[in-house]
Amino acid sequence: MLVYIAGSGAMGCRFGYQISKTNNDVILLDNWEDHINAIKENGLVVTGDVEETVKLPIMKPTEATQEADLIILFTKAMQLPQMLQDIKGIIGKETKVLCLLNGLGHEDVIRQYIPEHNILMGVTVWTAGLEGPGRAHLQGVGALNLQSMDPNNQDAGHQVADLLNKANLNATYDENVVPNIWRKACVNGTMNSTCALLDCTIGELFASEDGLKMVKEIIHEFVIVGQAEGVELNEEEITQYVMDTSVKAAHHYPSMHQDLVQNHRLTEIDFINGAVNTKGEKLGINTPYCRMITELVHAKEAVLNIQ
């Protein structure tokens, strides 16, 4: 199969690297010039659990011409419509598109470009880091769940899961992936924005009594909005999952902290807490915590003059 990685940041590099070890062809797509040039000139330098340099083709999305069998989306949420527009030329009648983006509502965007028959939605707990252009740091293990959005095309989902398992990516075909997507979004909604605004680690947030109160209110808002949309969510179970994750990730600054505080980049807030607030408004459900957090993050972006 010919697999394109649409958005070859840290996670895209992990998936591209691991899939390239199977008998499938991989092409990385990205718009970051320095990253593209580094990989073209020196290969992708992998550090962490393995130290290796691999030659992988990389190009801008608009330069890709060969029809894809599978496209894995790893772009930033706000760049998704542009990416789908840019890769229209490599999408054939049977091209499968797997979305592994953080956050909520991406399927609504993807449906505008791809028939439901070919859409796969997933969620992953793999992690990865970029040490600079063309340098990926891959450590630890992870897993992912995915599902075909078309109930009559489950075979496609199983086929993609098999391919990912050959790449040791620990994929599970999930008959009901949407609650898992919401659960991960809730983890991000309790940790990402809050740690970015408070400039603290996950452990520091959860050690604060007021921080914990806020976390529980955010979880409640995610759960009531998700349930109103027909998603099976158990507040007690999700709270436990968030607490467990906070212990494992106690020393980490989450990705939104990296974006907002460390690198002064736009955040994905509109697809996490912002999405819950927007959905809540449509459903007549008040979500004051998610609304305020979204406004604060946007205000911080404006204060820092991030565009």
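Placement of Cβ uses the backbone N, Cα and C atoms for every residue, glycine included.
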Per Swiss-Prot, which one of Ala38, Ala128, Ala299 shares the NADP(+) site with Gly7, Ser8, Gly9, Ala10, Met11, Gly12, Asn102, Glu268?
Ala128
One of Ser246, Ser255 listed by Swiss-Prot as binding substrate at the site of Asn102, Asn188, Asn192:
Ser255
I want the residues beyond Asn102, Asn188, Asn192, Ser255 whose C-beta is within 8 angstroms of the mean position of the substrate site's C-beta atoms, in chain order.
Gly103, Val187, Met191, Pro254, Met256, Glu268, Ile272
Check Gly7 (NADP(+) binding site) against DSSP and tell me helix, strand or coil, would you?
coil
Output, ordered by sequence, the same-chain residues six or more apart from Gly9 (NADP(+) binding site) with a CB under 8 Å from its CB, or 'none'.
Asp30, Phe74, Leu130
Structural state of Asn102 (NADP(+) binding site), classified by DSSP into three states:
coil
Over all pairs within Gly7, Ser8, Gly9, Ala10, Met11, Gly12, Asn102, Ala128, Glu268, the annotated NADP(+) binders, what is the largest Cα to Cα distance, rounded to whole Å?
18
